[in-house]
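What Swiss-Prot records for CYS36-CYS77, CYS46-CYS61, CYS62-CYS104, CYS75-CYS113 is disulfide bond. The feature N-linked glycosylation site is assigned by Swiss-Prot to ASN93, ASN137, ASN165. The annotation GPI-anchor amidated asparagine is assigned in Swiss-Prot to ASN177. Residues or ranges marked as region 'Disordered' in Swiss-Prot: 141-176. Annotated signal peptide per Swiss-Prot: 1-24, in sequence order.
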Amino acid sequence: MESRKIKVMATAIALIMVAMVVDAAGADKGKDKEECTAQLVGMATCLPYVQGKAKSPTPDCCSGLKQVINSDMKCLCMIIQERNDPDLGLQVNVSLALALPSVCHATADITKCPALLHLDPNSPDAQVFYQLAKGLNETVSASAPTGSASEPTSMSSTPGSSAGNNSGRTTSVPGTNHAQSFSKQWLGLEVVAHFFVIFYIFILV
């Protein structure tokens, strides 16, 4: 009984993650959904941790994270890019999310995300990744034991030209046109509909 409830809730979380990927993909919705759905379902159990609701990630979360990093890092980049989209109603603690690879003993370089997402290195979207990585490195360095050499971190940073004062802080970039905004609003309605379906199944179970 309890196992079935957990599976239902994990499926609901996975639906949100998949929706995030589909929205970020734009014209390549079908292709990106096909590539990322399985990996994101595997990471569904990470959501309680990166939202600050769990003290540590589950073994399944770490396994799913490593699979995404090894098979398609682009999917992880999309999750980071869309982490604060208000239309999706999904809030992620950036510090916990970026520290997740280290906690799971995995290696992930988010400074590669702009290239994987085909972003201009000097664009605001790209600068978000560079500054988040820089902020993580500074946090790790500050927490290193005194008198001992700090271990190399899995995140590296590239200096940006337009976001030098936003290190480690959450940054959101507004949409470029009305069509993109309408698309996100429609996607939000779809996610809500999915939740009602999952909630109904959850009650029946």
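Heads up, the Cβ atoms here are built off N, Cα and C, so glycines get one too.
Here the disulfide-bonded residues are CYS46, CYS104; the one with the fewest Cβ atoms within 10 Å of its Cβ is CYS104. When the CA atoms are compared, the recorded positions lying within 10 A of CYS62 (disulfide bond) are CYS46, out of the candidates CYS46, CYS75, CYS77, ASN93, CYS113. You'll find the Cα of CYS75 (disulfide bond) roughly 6 Å from the Cα of CYS36 (disulfide bond). Considering only the recorded positions CYS36, CYS46, CYS61, ASN93, CYS104, no residue lies within 10 A of CYS113 (disulfide bond) on a C-alpha to C-alpha basis. Around ASN93 (N-linked glycosylation site), taking its Cβ as the centre, 15 other Cβ atoms fall within 10 Å, counting all chains. The recorded positions listed here (CYS36, CYS61, CYS77, ASN93) include CYS61 as those with a Cα within 10 A of the Cα of CYS104 (disulfide bond). In space, ASN93 is the closest of the recorded positions CYS36, CYS77, ASN93 to CYS46 (disulfide bond), judged by Cα positions. Around CYS61 (disulfide bond), a 10 Å sphere centred on its CB holds 23 further CB atoms from the protein chains shown. Each of the disulfide-bonded residues CYS62, CYS113 was ranked by the number of other C-beta atoms within 10 Å, and first place falls to CYS113.
Applying an 8 A CB threshold to same-chain residues 6+ apart, the list for CYS77 (disulfide bond) reads ILE110, LYS112, CYS113, LEU116, LEU117, PHE129. CYS75 (disulfide bond) counts 25 other C-beta atoms within 10 Å of its own C-beta, drawing on all protein chains shown. Packing around CYS36 (disulfide bond) is summarised by its Cβ count: 26 other Cβ atoms lie within 10 angstroms of its Cβ, all protein chains included. DSSP classifies CYS104 (disulfide bond) as coil under the three-state reduction.
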